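A quick write-up on the structure given underneath.
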Amino acid sequence: MNNWKHNHVLDLSTFSLEDYKTVLELTTRFKDVHKSSSRKLPALHGRLIANLFFEPSTRTRTSFELAAKRLSADVQNFSVSSSSLNKGETPLDTILTYISMGADILVIRHESTNVPAELANYVDINNINTSILNAGDGFHSHPSQGLLDLFTLATFFNPNEPSTNSLLNKKITIVGDILHSRVARSNLWALTACGAEVTLCGPPSLLPEEFIDFVQNPPLGQNFDPINKRGSVFIKRSLKDALKNSDAVMTLRLQKERMKQNMLTDLDSYYVQYGITHESLKWCEKKVPVLHPGPVNRGVEISNRLVEDNSINLISKQVENGIPTRMALLYLLGLNKKD
């Protein structure tokens, strides 16, 4: 763990191959703890972790809460409905309140892009010993989801020893609303870092052509890419072409709440063209796993029958793997906290 240099986890674009290896190794260990009878480690005993979710969440917030408790941390959950935001307090003042209370790690989800990054910059400038963990910001990033998806796939391809090598030269297809998906962006960084070839598929309104260059250059303000050679990214408009020879398929929810008018004609047409079903999976020419980060819109991006077919979909595995993955991140951020 001596190679871990991050005081915050904001975006997977900054992760080196060693960072991915560290997280996958720790996640494997913590998964055994999560499944054991004791289910707890004293690693973060006495540390305060605050979950500040300014957007609705079920899986991610609960997963972070359980992860923190598995590490014996004290946990404080923020609720918008019962907060002083209703009295006119700004989100920044709410967050600063938790910092003043001595929170060691703030897990933050916000509808606006870069809120976690701006907060990380604030605590660094003011020499505050608090780490920021991005639990999803706007369209930008959802690093813990990208990492748990990476672990889920690595475990599927190599159950005995999941690692970054488990993804090397694998063909992963991501289908759906790429434009509005922070999950897709985080998966692009993670999968290509580990040598996977990623094919994106969706209508032009939800998958602009510029996504083909998404991982070619670091984000604004980042001087270099810590990955020497990434896997390739392709765009296919035809689902049949995209699924050909795929080793795994991820389908994404249509984020209607983020869409402008007329971005889609109708949901029935979308399902016919891009819905993942048992029939469309035959284009892969072999049995492949299907992932979905949730929440699922049955009969829109994935068939009801496929959602309930646990011999093919890894949806429950993704939820299960979320806890040890987030344990790994919290543990790494909590390692160097001063008493």
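Positions of Cβ are set from backbone N, Cα and C atoms, glycine also.
The structure displayed is predicted, hence computed values, not measured ones.
Of the residues ARG29, ARG109, ARG237, Swiss-Prot places ARG109 in the same carbamoyl phosphate site as ARG59, THR60, HIS142, GLN145, GLY294, PRO295. Same-chain residues with CB within 8 A of the center of the ARG59, THR60, ARG109, HIS142, GLN145, GLY294, PRO295 CB atoms, the carbamoyl phosphate site residues themselves not counted, are SER57, THR58, ALA135, GLY136, VAL183, PRO293. Within 10 Å of ARG182 (L-aspartate binding site), counting CA to CA, the binding-site residues THR60, ARG109, HIS142, GLN145, PRO295 contribute HIS142, GLN145. GLY294 (carbamoyl phosphate binding site) sits 7 Å from ARG253 (L-aspartate binding site), counting Cα to Cα. When the alpha carbons of THR60 (carbamoyl phosphate binding site) and ARG253 (L-aspartate binding site) are compared, the span between them is 16 angstrom.
Taking Cβ-Cβ distances under 8 Å and a sequence separation of 6 or more, the neighbours of HIS142 (carbamoyl phosphate binding site) in its chain are ASN134, ALA135, GLY136, ARG182, VAL183, ARG185, SER186, PRO293.
Cα proximity to ARG253 (L-aspartate binding site) (within 10 Å) is found for the following binding-site residues from ARG59, ARG109, GLN145, PRO295: PRO295.
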